[in-house]
Structures are given as C-alpha cells and as structure tokens.
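Undergrad: Mind looking over this structure? Questions follow.
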Amino acid sequence: MMLGVKTSGTALACSHFLSPRAFPPTAVTLRHLNPYCSYRSIKMSAEQIVEHVVLFKAKPDADPSKLTAMVNNLNSLTSLNQVVHLSSGPLIRDRSSSFSFTHLLHSRYKTKSDLADYSAHPDHVSVVKQYVLPMVDDIMAVDWVPIEFSGPTGVPPGSAMRLTFLKLKENLGENEKSQVLSAVGGIKEKFSGIEQLTVGENFSPGRAKGFSIASIAVFKGVDELEALESQKVSELWIMRN
C-alpha cells in the first residue's frame, strides 16, 4: 500500500503495502493510497515503539463526503496523548487480487498499554462508532513491537513507506520464525534507499486475517520507493524453506 499526495504544497507521509499470501510467499500484492496525514514527532525515553496498522474496506455505495469525514476524524486522533504518530487516507491504486481495502491508518505508540488506552479512549470509540463502522464492510488490523527501532518516532512528511505482512505456515518452530524475522529485518542493509525499517510479530491476531509478521520500510520519498520497485526487488520477499 503506497500513500503519496501533496496538499497545499506540502508532501505528506506515504506508505506502500506488500502482502505475500502465505509462507513461503509466492506472490506479492501492491496498493497505493492518497493520505490526509497528521504528523507529530515525540522524543521517547525508551527505544521501544509499537506499530499499529488498520486497513478499511469502504462500502461500495459509501458517500464520498462521509468517507472524507471518516479520514479527517481518524486523523484528528493524533491529538490524543497516547499517540506518537498517526496518518490515515484513501487508497488511490489497487493491484491486489486478494484484497479490496480502500483506506489505511498507521499509528505509533510508546507502549502496548498506550495503544490499549488509545483504543479505549472515548474520542477513539466515538470516531469508530460514528464515522468508521457505518462506512466500511471490512477491517484488518495488525500490531507489533519492532525487534529493533532507531530513528524518528514520527514518519517525516514526504516520506514513503512499504508495509509488509507475512502469513506463516502453521506449526513453524521458533527457529524458522526467527529466520523470517531476520531475513525481513536484513533488507535494510541491502538497500540504501531505506531510511528506517521495523519488523516484528503481530500480537493482535483477532483482526489480522492470519498475518503474523509485519514490517514497515521508510523511504525519503516516493521516488526512492519507485526506484526500488523498478529493480523488481519484490522478488527478494519470496522466502523458501
């Protein structure tokens, strides 16, 4: 899923989604979205960060003005104390044959407890009930704590991001899982265009549709992400036993 847009002359945060359907992944799916992002960077006393990604599938007959209101109200949640970074917006291109999501929200928190408090916050609950649930047919959410984290806690305006979700085979041992995490985490060393990369194991399986590994790679901008794509590097996400 890739977000990329300029509003009032300002480049906003971007994101790109790559989703192999199974382990070993045999295919990748790419989406592009047009975000209306809020950006806030908070210095953290600890090195831990919690990633939270939510995908929404809007109803086919959804009123565009109400979808805009949904996005705007989701982005307003960046004002909550628990939120380190939050951006949300609609997809503008879908190459997937397996998914039909139309919107995305990406946010970061200092701790799992902060994420839980954000989810239970009356403002969040109100936005979900009034603006999200009436407009969507499907929701997918993935949460993870990166194995390692460095760099800014907020995604800088103008950045591009690649989100990778992996669905592992059942009954894989911890060694095999560690190998997958290591392989995805090692991608940053191979591609200089990646400014920041986080990878970890999903800890909220209820709405993750079976995906258990997630990663975000941050690029300076869409051009750097497109350069990586033009090299067909998506083939490197094909993992084998």
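Any Cβ shown, glycine's included, is placed from N, Cα and C.
Unlike curated records, TrEMBL annotations are generated automatically.
Copying in the features that TrEMBL gives for the protein in this structure:
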- 50-144: domain 'Stress-response A/B barrel' (DOMAIN)
- 160-241: domain 'Stress-response A/B barrel' (DOMAIN)
Undergrad: Determine how many residues of the domain 'Stress-response A/B barrel' (50-144) DSSP places in helix, in strand and in coil.
TA: 39 helix, 37 strand, 19 coil
Undergrad: For the domain 'Stress-response A/B barrel' (160-241), would you mind checking the mean pLDDT of the predicted model?
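TA: Value for the domain 'Stress-response A/B barrel' (160-241), mean pLDDT as a whole number: 81.
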